Each structure stands twice: as C-alpha cells, then as structure tokens.
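Student: Here you go, one structure.
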Amino acid sequence: MSSLLDIIYQLRQVPRWDGSFQFEKEDVSQHSFSVIAISHILCELKETLEGKKINKEKLLLYALYHDVTEVVSTHIISPVKKNSILKDPFNAFREQIKNSLFDNLPITLSDTLSTILNNNDLEIQEIVEHADHVDAYCKSCIEVHRGNKDFISIQRSLGDKLDNLTKEYPYLKEFQNLFLKDFPLENKNYRYLN
C-alpha cells in the first residue's frame with residue numbers, strides 16, 4: 001500500500017518556524033501553496049523580462065513537492081540546513097528520504113515523482129528557491145506587522161538577502177516593486193465587492 005496520500009495530508013501537521021513564537025502558526029502545506037503561487041508569478045515576470053519560455057508544469061510541480069521530505073525531517077530553518085558542518089549530511093539525509101518516500105507507488109507515478117523531486121533544471125530550482133525565500137520574507141513581514149518582535153531580526157536578515165538577490169535577478173526586483181513595497185497591505189479593500 002502506498003503512503004503518498006497520507007504524506008500529502010501529514011504535511012499539514014508539520015509546523016514551520018518551530019522554536020519561534022508566531023501569531024499565525026504555519027505548516028508545510030500552507031507554505032507549499034504560497035511557494036507555488038509565488039513561483040508562478042516569478043516565472044511570468046522572468047518570461048516577460050527575459051523573453052524566454054519556462055516549463056510551467058515542471059516548475060509548479062517542483063514547487064508543490066519542494067519540501068515533501070519534511071514529512072520525515074520536519075522543518076529545519078535555513079541557517080541550520082546551510083551550516084557548513086551540517087549542509088552535506090543534511091542533503092544526504094534529504095536524498096535518502098526522497099528515495100524512500102514513494103517506494104510503493106505504481107511505477108509510472110513513482111517515476112514521475114522521482115523526476116519531479118530530482119529535477120535538474122537549474123533555472124526551475126532557482127525560481128523555486130527564490131519563491132521559498134520570498135515566502136519566508138512575507139511570513140516575517142506579517143509577524144512583525146502584528147507586533148512580533150521575535151521576527152524583527154529575521155525580517156531584516158531575509159530582507160537584506162532579498163535586496164542583494166534583486167541586484168542580480170531583474171524578475172525578483174520587479175516582484176519586489178509590484179508586491180512587497182507595502183506588504184502586508186493595511187487596507188484590504190479587495191475583500192469587499194464595492
């Protein structure tokens with residue numbers, strides 16, 4: 001019997017930002033949805049600005065499953081995952097999880113998911129990584145906006161990194177200009193049909 005459906009629903013139980021006080025709790029499923037949506041927007045901006053075509057199906061599927069290994073590893077914050085001592089062992093652990101998660105699936109589905117998870121398109125990986133970073137930054141902005149002082153240094157650090165990335169990636173700069181200048185919006189008029 002396959003565990004895929006259970007894994008999908010279990011991701012709702014995997015908290016993000018564990019160890020940090022949050023006004024609004026977040027799980028991996030919620031985060032994945034935001035990363036998918038942001039990846040789509042970034043892709044559209046990149047295509048427009050650079051005049052190129054990106055395989056959106058591959059991109060969005062990769063974004064959908066980008067953190068599926070956290071069903072086993074749980075969410076580990078980036079500074080820990082990217083620590084020079086822990087980075088290689090952690091990546092090896094993630095590979096081991098990827099290789100074992102979908103063992104009992106029909107071969108075609110297993111092959112498809114394996115192809116998605118082991119995506120070697122660097123452009124797609126980059127867009128999803130940027131979307132992942134933008135989502136973390138947005139989360140920190142929301143928490144700070146609500147008065148959570150625990151996220152002030154997180155917001156500053158993520159914002160500085162984002163500012164540096166926008167110097168190299170015009171589509172990120174465009175995203176920042178379009179969506180992040182006043183985020184989160186104080187006035188949510190879009191909720192009312194006037």
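Every residue, even glycine, has its Cβ placed from backbone N, Cα and C.
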Student: Name the residue, out of His31, His40, that Swiss-Prot lists for the same Mg(2+) site as His66, Asp67, Asp132, please.
Tutor: His31
Student: Among the binding-site residues His31, His66, Asp67, Asp132, report those whose Cα falls within 10 Å of that of Arg16 (4'-phosphooxetanocin A binding site); none is a fine answer.
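Tutor: Neighbours among binding-site residues, in sequence order: His31.
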Student: Helix, strand or coil for Arg16 (4'-phosphooxetanocin A binding site)? Use DSSP.
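Tutor: The three-state answer is coil.
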Student: So, in DSSP terms, is Asp132 (Mg(2+) binding site) helix, strand, or coil?
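Tutor: Once the DSSP labels are grouped into three classes, Asp132 (Mg(2+) binding site) ends up as helix.
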Student: Once near-sequence residues are set aside, which residues in the chain of His75 (4'-phosphooxetanocin A binding site), 6 or more away, have Cβ atoms under 8 Å from its Cβ?
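Tutor: Looking at Cβ-Cβ distances below 8 Å from His75 (4'-phosphooxetanocin A binding site), excluding near sequence neighbours, one finds Val14, Pro15, Arg16, Trp17, Asp18, Val28, Asp67.
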Student: List every residue in the same chain as His31 (Mg(2+) binding site), at least 6 positions away in sequence, whose Cβ is under 8 Å from its Cβ.
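Tutor: In sequence order, Arg16, Asp67, Asp135 meet the Cβ cut-off.
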